[in-house]
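J.: First the structure, which I've put down as structure tokens, then a few questions once you've had a look.
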Amino acid sequence: MNGSSITQAIVEGPGGGGTVPRYQRPHASVPQFTNSPTMIVLVGLPARGKTYISKKLTRYLNWIGVPTKVFNVGQYRREAVRSYSNFEFFRPDNEEAMKIRKACALSALKDVSAYFTQDHGQVAVFDATNTTRERREVILSFAKEYGYKVFFVESICDDPEIIAENIKQVKLSSPDYVNCDKDEAVADFLKRIECYKVTYVPLDDDCDRNLSYIKIFNVGSRYLVNRVQDHIQSRIVYYLMNIHVTPRTIYLCRHGESDLNLLGRIGGDSGLSSRGNKFAAALGKYIRSQCIPDLKIWTSHMKRTIQTAEAVGVPYEQWKALNEIDAGVCEEMTYEEIQEHYPEEFALRDQDKYRYRYPKGESYEDLVHRLEPVIMELERQENVLVVCHQAVMRCLLAYFLDKSADELPYLKCPLHTVLKLTPVAYGCKVESVFLNVEAVNTHRDRPVNVSVDRDPMDALLTVPDHS
Amino acid sequence: MSSTEDITKTILPRELRQNPLRKIWMPCKNGLPEKHISQRRVCMTNSPTLIVTVGLPARGKTYISKKLTRYLNWIGVPTKEFNVGQYRRECVKIYKSFEFFRPDNEEGLKIRKQCALAALNDVRQYLSVGGGQVAVFDATNTTRERRSTILRFAEQNGYKVFFVESVCEDPDVIAQNIVQVKLGSPDYIDCNTEEAIQDFMKRIKCYENSYQPLDEVLDKDLSYIKVMDVGQRYLVNLVLDHIQSRIVYYLMNIHITPRSIYLCRHGESELNIRGRIGGDSGLSSGGKEFALCLGKFIQEQNIKDLKVWTSQMKRTIQTAEALGMPYEQWKALNEIDAGVCEEMMYEEIQEHYPLEFALRDQDKYRYRYPKGESYEDLVQRLEPVIMELERQENILVICHQAVMRCLLAYFLDKSADELPYLKCPLHTVLKLTPVAYGCKVESIYLNVKAVNTHRDKPENVDISRLPEEALLTVPAHH
């Protein structure tokens, strides 16, 4: 039942007239929409944000449940050529280097193939400059041979400020420049870019009109989209068109401690306890002290998040999608009661907390799908404070910090603690700010014994204290 | 006040009350709700948006305008289209020929400009006074001069502008377009096909010489999408906000390939027979018979590459199983969650929750069951389904009464008031075929008896009504 990844069920047609295979991940909320694996191929000069896009897109696709992996050819090159001397390696007339670079690309393609066939990957992001038509032809032939779809993502930018900022943020700290002084590194990198410019052939409106691609101009002020083939490409385009690189901060926190929290009961729609109210006031003070320009505040539709936001004194928006996970028949129960009334359910949940769906309720997997529009809008926004709930916050945090489905349901999101997320380089800096108001612990670790016939005591071993 | 005082000031949180109909917590003062909060609706822009179509005749501008308007209204963004051609038809009662559109026809140009201004005036009424959020200004708008007029108008009134340009040079597409929607136009009501086509082609020519498409350089500060060759290619420039982003996503997912959408409910279920709502029961014997008939019907229809979708509830899956075809399950297609009323009969709801029952009758669209959902919630939950339905071609969706009402309202452009009362009886397949600017509907009853589950709005919706009045319209059951 719960716990398996993909099952293939053979279904008898009516009247026994033949069998039809049916693929569906059990209990997945949304059907799988890709049949052929897809290769996303980046195109662009160095320092155009290809790796940034690759990593972000991969993180997003994995979060929504599409197994995706990045293949960064630069990494293969660093493994082949142990130490980087200078830009001369990238000169178009450096035959020795060209051989190595081509071998690296082919090696990466081989790994792409293995990822699809052996590791059940769905999407491979091929992160390299891919600036010549010749190189792109190699990739297209490869994909055609194996039956993979190809979608190109080209990043075009001629704004020297953006490029300089890019170099500063991610190139200076690259393994290639680990022993260089800053100015040398910048000078060398700029010469490296020049090496590519000579042979750069962008995707062409005419010659490449049968290819599927998106061209991103100047970090998103303009896009050219050609021949979107299917659902996943459509989602990728939508995502790429919503992300931006403007610096901003995302604050995540839960509602203040609630009356049901104190009683060790899950779910429900109770109000804040007195400590919860204290936290709300402290949150208000903290937020005001941060002096955040144009801060948006989002809450769920549940009383406890709204009460918390009220104390900040700034207009807020209520999202039903931010409501806590629906525990179905277990709503408002203590873990002890769940163990007593639904011991099997309780065990199944411990076996696969991500995919487990409460009877008449939801799973974490359902939550992720429910939260996808929230994430999409968070990407569009700038400074935002999201006041939500434990399971919801775990899902959002997993997206920002690239946590797997296995880790997600056990991420620590304690009450009365604000997580301040700041995008930096290819990831996210996290600051955890405890606002100094005591609260119960609501985090239940995975117990050692998850067997259906375990002792009640084994099941309840990790239940946090409560009244 | 010094800054430190500001920081240490403690905000006194307002009291919260839950709106009894929508189950939404709102802050209130002296027992009265305050307007300070906002609900997450799609459009959180404060400025209204003016969508302006651009393109030669027969490029699908009106098709896009109507479809986009339908979509935006369905997701809860009050939208209205303003077709300048219509204003022209009201002004110049009878259309004679393409000569009206000749660029040297000064009289014609004057009238056309007046019509555009009259339409803009109505746009202003709608957006600034009439509660509209988005206005779709459907006209050729092919000259930079006309677009400047519109931009000035928008700036004066504080509207955001988003252009949607349709560019197409494929003669087959244009010919098909003319056949589908121009021949039936009031302009050509007394013409034979040949004459009409000829005249329309000359009409297009009148626009061609003065056509200035949106330009990558000159118009780089405008927000727009250029749709090229019916969606093969798109150029998107300066998307400013959420609603524009949603519009772009929608436009990039729609297509005009002919196809049919089949909507039906699961076969009659055990709970249906007992007059109980919700739950997750299996099919009754009548329901199983329906499933087999559905399988036969589908086979007879001989549909190319049919996809089948169900919810994750047993009754729709059982129905699909009888088809002997692969199907995909969507949790989003699950029936509306009736919360505390799940598996109750209407009589029981009246007995245990008479207030709730009355509130529901007062505003069935926005009413949310305690610990459950509203139709409004359903629409939001179904939006990704609609988006994917737009991408797909031939498809059969086996779902539930409330869900089917929401999907049908989208395809047939029904308002929020009509939606919860749309008739979606059991054992009846609705075949929807896009045609011209709308959708043709065929209703096919598969001749297997089933209970009626449709409860009309009773006359008395007052909370003080008698139980009999509340239960007057409950359909018969065991």
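Easy rule for this one: first residue shown is 1, then count along the chain.
Quick reminder: no glycine exception, Cβ is built from N, Cα and C everywhere.
Just so you know, TrEMBL annotations are computer predictions that nobody has curated.
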J.: Per TrEMBL, which of B:ARG203, B:ARG233, B:ARG315, B:ARG360 sits in the substrate site along with B:ARG265, B:HIS266, B:GLY267, B:GLU268, B:SER269, B:GLU270, B:LEU271, B:ASN272?
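T.: According to TrEMBL, the candidate sharing the substrate site with B:ARG265, B:HIS266, B:GLY267, B:GLU268, B:SER269, B:GLU270, B:LEU271, B:ASN272 is B:ARG315.
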J.: Under 8 Å between C-beta atoms and at least six apart in sequence, can you list the same-chain neighbours of B:SER269 (substrate binding site), or say none if there are none?
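T.: Same-chain residues close to B:SER269 (substrate binding site) (Cβ under 8 Å, separated by 6 or more) are B:GLY279, B:SER281, B:GLY282, B:LEU283, B:SER284, B:GLY287, B:ARG315.
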J.: Expressed to the nearest Å, what is the distance separating B:GLY267 (substrate binding site) and B:GLU335 (active site, proton donor/acceptor) at their Cα atoms?
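T.: One finds 14 Å between the Cα atoms of these residues.
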J.: Around the substrate site formed by B:ARG265, B:HIS266, B:GLY267, B:GLU268, B:SER269, B:GLU270, B:LEU271, B:ASN272, B:ARG315, which additional residues qualify by having Cβ within 8 Å of the site's Cβ center?
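T.: The answer, listed by sequence position, is B:SER281, B:GLY282, B:LEU283, B:SER284, B:GLY287, B:LEU426.
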J.: Have a look around B:HIS266 (active site, tele-phosphohistidine intermediate) and count the other CB atoms within 10 A of its CB, chains all included.
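T.: The answer is 31 other Cβ atoms.
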J.: Measuring Cα to Cα, how many angstrom lie between B:GLU335 (active site, proton donor/acceptor) and B:ARG265 (substrate binding site)?
T.: 10
J.: Taking DSSP as the reference, which of helix, strand or coil describes B:GLY267 (substrate binding site)?
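T.: For B:GLY267 (substrate binding site) - judged by DSSP and reduced to three states - the answer is coil.
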J.: DSSP on B:GLU335 (active site, proton donor/acceptor), three-state: which is it?
T.: coil
